[in-house]
Amino acid sequence: MTGHDAVDEEQRHLGRLLDRLEELRADTRARLDAVLRTSGGTPQARSERESFARLYSSELAAFSAANLGLYFGRLDMGDGEVRRIGRVGLRDDDEDLTTLLLDWRADHSRPFYLATTARPEGAHRRRHLRTIGRRVIGIHDEYLTAPEDGELPEDHDDVVGESALLEALDTARSGHMTDIVATIQREQDEIIRNPHAGVLVVQGGPGTGKTAVALHRAAYLLYTHRQRLDRSGVLIVGPNARFLDYIARVLPSLGESGVVLRTLADLYPGVRATGPETLRGEEVKGSGEMVAILKAAVRARQLAPRSEVVVRVEGHDLTLAPATVRAARGRARMTRRPHNQAREAFATRIVDALTEQYVAALTDPVGRAEDDAWSPEGDGVGDLGDPARPLLDADDRAELRREVKASREVAEVVDEWWPVLRPERLLADLLSSRERIAEAAGDYVAEDQEALFRRDGAAFSVADVPLLDELAELLGEDPTADGSEADRAWAEQLRQAEEALEILTGSAVQDIEDDLDPEVLMAYDVVDAEALARRHSADSDLTVADRAGADRTWAFGHVIVDEAQELSTMAWRVIMRRSPNRWMTLVGDVAQTSSPAGIDSWHDALSPYVDDRWVLTELTVNYRTPETISAVAELLLAEIDPDASSPRPVRPGRRPVAWREPEPDAVARVVTEEIRAVPSERAVAVLVPDDGGEGDGHGHDGDGGGDHEGDDDEGTPPRYAALAEAAEEVRPGTSVLPLALAKGLEFDVVVVVDPDRVLARSPQGLQDLYVGATRATQELVLVQPGGFGPLLAGIRDRLAAGDRELSA
Ligand SMILES: Nc1ncnc2c1ncn2[C@@H]1O[C@H](COP(=O)(O)OP(=O)(O)OP(=O)(O)O)[C@@H](O)[C@H]1O
């Protein structure tokens, strides 16, 4: 068969596939319309209709998404079987339901990603197809076993489908990440399909495809465990809104729309953390010591009077002694329930104590019983008279108790000493008062206490989010707030489970939470699966993603964290709460940690939660930066950690890294010169220092906000505003970004301005520069006003010497 014939054959098949897809789409559309036209019926019928409507809508979305690049690969197996691989699975409507196209996630598609000449996986030939719309514009064949008439080409290490891969890697970047279904590499495939049902860590240097792998794993898990994950949802947490925007199209392009994408800034429903944070603040607020500080802050709101307080009930003056209130407080704390739930126990004790006095006042006017109650042998709570001589029967007493409980003055004192607290108010009150900070964080040095302080009314920062979440745990639901019936039923189930656990373990659930001993059962473990499922399928028009995203206590079926190295100790606690089953994929690179509260060892971060029961996988090939740029990155990495190994770049560089040393007043000219030279279809970014020195607002893209196209200079530190303007003038739409926002992104050409200033930002300056230098797919330019300092000049000279040696 000639190349021409082969293209014709594939062309015919593509036409058939697209026609079949269209048929299925029309069919699903008709079903959806029929469901939407029906109304009325029993609540059960309504709920069934809603779930069918959701199912058909998501099928429709998947079919529409599959249209582009539907068919991209073919495997000819050794036994003559032909497998065609594409974005979705399609069957013919003949009697046998013949398979026309295999979903890339199906087991039978796997050899397409794994086969090499060394291990052909039963395949004889792999074919990559390039298509535009209905047209096949190219095919590329690789023989995995020797063809009859030719030699077997040499295997290229671990790179599968090399020419298709290199072509994909060379394409201009659009500002949005694209899926990689056609060219997933073996080491990536093994992670995407990894069957481990616990915590899977994906460690890899810059550009190794960690983000791509995480997103494709989400799509794979949804395909393979559809039933389970459709109900419980998948959560993906990324470093900032710009990053989420960058990756937002990948899952829809794979036909998956039910995933909740969040940053830490909006992981706490109802709050958008847009406030600035200092580096010190980030560090202090991220540390595990905050748990004790927040507990102290809650306890500080559980009060007792200094002297006796008189409460008037139905014309009788009843007295509450400080000891009575303290005893009630002690009992309430002993329930080990969250503050707002323990309030009932506190109120009950207060009402009991007052009722006794009330009874005594009516039956024992001389006050003997009361004297007994507060005698040194008394229990501080009093005694309801002598049961041998009851003057009031049980009903009378109950009535008196009701009167005490209903009294406004009693409610007021309960409110004053054990108020209902809400996380947002409590945190704002704590952080805006130096006295309260000193009270709760007495052990901290003055600078750390000061790092916590913020003006009242200021927006919360990203570092505050885990504190709010922690407080929500410590405080519990507001019993006076509305909630859906399903939520209340769920809260009640959890409460009962917690009580059962308390009896089982003899210790408090909150204390278990403190160090989250993995061997200790959590409430979620004992809430029966059925109740969990009922909650997850609660009758509602909203999608799972909507419901899960709005519910702080939602138990996600799978949780994926990208750039997980940035999570502080406090943030890990939030993430773990969202994943009670601990089925997670954590993706990151401990050499890229730029947050002072981030991690430098997976073990340290994870062992408190899962001990050593987590699996480490590694990605070793760099698909983004070409060799020339990787060489600079490698030397920077050696400064961060001499033992770390760099990922191997798959592409040579087109142009060496440019080292430019303009006079300080010529920086804008040099930068604009560089970006003007870049072809218009290529994406360019100018990366500038965060300006995040102590006391400065540190760059977090906290606005949580949507589409960033067109407002690319958002977040530019003021010092670089003029540079941003100049860049915009010569090349509209150029991103001028602080380095912190470049995390996870990539551009064809990257200009890093003032790298020495980045390095000077302690303690993570080296990591920041390493991140910045590895954002480019084609060219890197370093622009240092006044000339490079010793570290970078040294790197430049070593590379130049290496080049001279190579050419000698
Ligand atoms: N198998 C592949 N086929 C085609 N492109 C790929 C493949 N793997 C990765 N890429 C591309 O390489 C680039 C880097 O991938 P990605 O952003 O996922 O890397 P990363 O490890 O998350 O990087 P970083 O840690 O630096 O943010 C992306 O453009 C991605 O699409």
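Any Cβ shown, glycine's included, is placed from N, Cα and C.
If you look up TrEMBL, you'll see 7-38 marked as coiled coil. The domain 'UvrD-like helicase ATP-binding' feature in TrEMBL is assigned to 183-626. Annotation source TrEMBL lists ATP binding site at GLY204, GLY205, PRO206, GLY207, THR208, GLY209, LYS210, THR211. If you look up TrEMBL, you'll see 369-390, 688-718 marked as region 'Disordered'. Annotation source TrEMBL lists compositional bias 'Basic and acidic residues' at 695-708.
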Distant-in-sequence neighbours of the coiled coil (7-38), which means Cβ under 8 A and at least six residues beyond its ends: 1, 49, 52-53, 56-57, 59-60, 63-64, 66-67, 70-71, 74, 84, 86, 88, 90, 92-93, 100-101, 127, 129, 131, 134-136, 138-139
DSSP state at LYS210 (ATP binding site), helix/strand/coil: helix
8 Å Cβ shell about GLY204, GLY205, PRO206, GLY207, THR208, GLY209, LYS210, THR211 centroid, ATP site members excluded: ASP589, LEU619, ASN622, TYR623, ARG624, PRO647
Reduced DSSP assignment, GLY204 (ATP binding site): strand
The domain 'UvrD-like helicase ATP-binding' (183-626) [mean pLDDT, rounded to integer]: 83
C-beta crowding around GLY205 (ATP binding site), within 10 angstroms: 28
Neighbouring C-beta atoms (10 Å sphere around the C-beta of LYS210 (ATP binding site)): 24
Local Cβ density at GLY209 (ATP binding site) - other Cβ atoms counted within 10 Å: 25
Around the Cβ of THR208 (ATP binding site), the count of other Cβ atoms that are within 10 Å: 24
